[in-house]
Amino acid sequence: MLNDDSDGISIRERLQTESSGGVFANKDLVRSDTIIDEDRIVGRNDQLGRVVDNLKPVLQNEGLPDMLLSGPSGTGKSLIIHAVCKQIVELCESQGKTFGVLSINCEGPKTADRAVYRLVKAAANDLDVDPGVPQTGVSTDQKLERLYELMRAYYDGVIFILDEIDMLEGPYQEAEYNSLIYQLSRARKLADFGGPISLTTITNYADFMKNLNSRAQSSYNPDDIFFDDYDATQLRHILKYRRDAFKSGSLSEDVIPLVAAFGSQTHGDARKAIDLLRWAGELAERRGADTVTEDDVREAQEKYTENRKLRHISGTSTQKKLSIYAVAATAHYATDHPEWIPAGPAFKTYQFIAETMDVDQYSRETFVNHVTEQSTYGVLDFERRGKGRGRGVHMYFSLSEDPETIMETIREDSRFADLAHEDATITAVVRERLKNFRTDN
Ligand SMILES: Nc1ncnc2c1ncn2[C@@H]1O[C@H](COP(=O)(O)OP(=O)(O)OP(=O)(O)O)[C@@H](O)[C@H]1O
């Protein structure tokens, strides 16, 4: 049944009609989840060189080091490790050996047990065999044993890649990444596996190692490889290598430099820059044009980046939402709505709200990590600054969105909805804590 606005065209006809205009030749090249060919990787020579040097020994059947790839979002960490692993797999194959790349994203599994299960599944999929253990009803040790069994039976060398390792927090006081790292870093000793093994973790936090407990720290000594932000020139190069995503002549000259300039303003994230270029192309197509213009880029930037920040907040974990909420509430309920919110009082607000909601309270360090991580998504800025003569240096946050809008976005999550009725109590707590902070020496 067609509605009055449909011009009598069915859904099928719409789907089958070529859109007029059409600026894309190969749109996949400007999708940030597309795995690109090696010849489109631009720069990152240092990081690439180190990952290559670290993984090369597998070709001689020699031991591999563990690695930690850290740096802000969209700076090529996953790209580099997977590009190198792909070559290693192929080179091993040509030597008649099988190299296993067992990669999982730690945002999903929540516990070390489930993460181990996902590794078993990753191996089983790769090998096209049965996982051989159920997800529930058996211990983590039994799952690990199955993982090692698959390794012994099929692989000559293995790399475990744990992406977004910091997200594996779990429901307990002590974050679950500790036990996963501890267990996997001991695989060399416990798996009875003849080949080399590398445990490679990926995180946005430069100082992630400091969060690990002493057990995990003592068994995991990775080569720490840092990926810094891209500047506008680097982003321009990255985008130029994807120019053929568009039909020849369909990109105005200024488009790539402008996308790169916007991208470098928001923490040099290549993923965002690639998305922005695609959105600009989509807007051009929507208006039936055959050329993407500077105006399309500006419109795309306006339309998508603002609500992307809020969308990001909606999709983050409960603890991170709680941390962001505490910062926004401290700004919103303060009498003077300060632009820069001191971390100390914001942490007190966090503790109070956590208590009100009856959820776990994390340490101040974890709280600060959760908040500062948001800067990579453009939600806020942070810096250390003095409180005044001789009164110490403190961490401050500055939100880039209206605090009330942030709070409303978080309250759309039913677990936070009741906070709307806590206006008066949170206001009292915030004002008291800010007053103490400002008068304390
Ligand atoms: N040096 C580069 N050359 C070409 N493309 C790049 C480069 N760096 C990043 N990209 C592209 O940017 C996007 C994001 O990169 P990647 O997934 O590797 O980032 P990341 O650092 O792992 O981010 P996150 O921490 O958010 O997972 C991908 O589409 C990738 O192809």
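Backbone N, Cα and C atoms are what each Cβ position is placed from, and that goes for glycine too.
What TrEMBL says about this protein:
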- Thr75, Gly76, Lys77, Ser78, Leu79, Tyr230, Arg242: ATP binding site (BINDING)
- 63-345: domain 'AAA+ ATPase' (DOMAIN)
- 324-410: domain 'Cdc6 C-terminal' (DOMAIN)
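The binding-site residues under consideration are Lys77, Arg242. Their Cβ neighbour counts within 10 Å are lowest for Arg242. Summarising model confidence by region, the domain 'AAA+ ATPase' (63-345) averages a pLDDT of 91. Residues Gly76, Ser78, taken from the binding-site residues Gly76, Ser78, Tyr230, Arg242, are distinguished by a CB atom under 6 angstroms from ligand 1. Secondary structure from DSSP puts Arg242 (ATP binding site) in coil. The DSSP breakdown of the domain 'Cdc6 C-terminal' (324-410), given as helix, strand and coil counts, is 47 helix, 16 strand, 24 coil. In the three-state DSSP scheme, Ser78 (ATP binding site) is classed as helix. Those residues noted as binding ATP (Thr75, Gly76, Lys77, Ser78, Leu79, Tyr230, Arg242) have their most widely separated CA atoms at a distance of 19 Å. Comparing the binding-site residues Thr75, Ser78 on other C-beta atoms within 10 angstroms of each C-beta gives the minimum for Ser78.
Annotation for Gly76 (ATP binding site): spatial neighbours Ile41, Arg44, Gln47, Phe227, Ala270, criterion Cβ-Cβ under 8 Å with sequence separation of six or more. Neighbour density at the Cβ, taken as the number of other Cβ atoms within 10 Å, is lowest among the binding-site residues Leu79, Tyr230 for Leu79. Look at Tyr230 (ATP binding site): DSSP puts it in coil.
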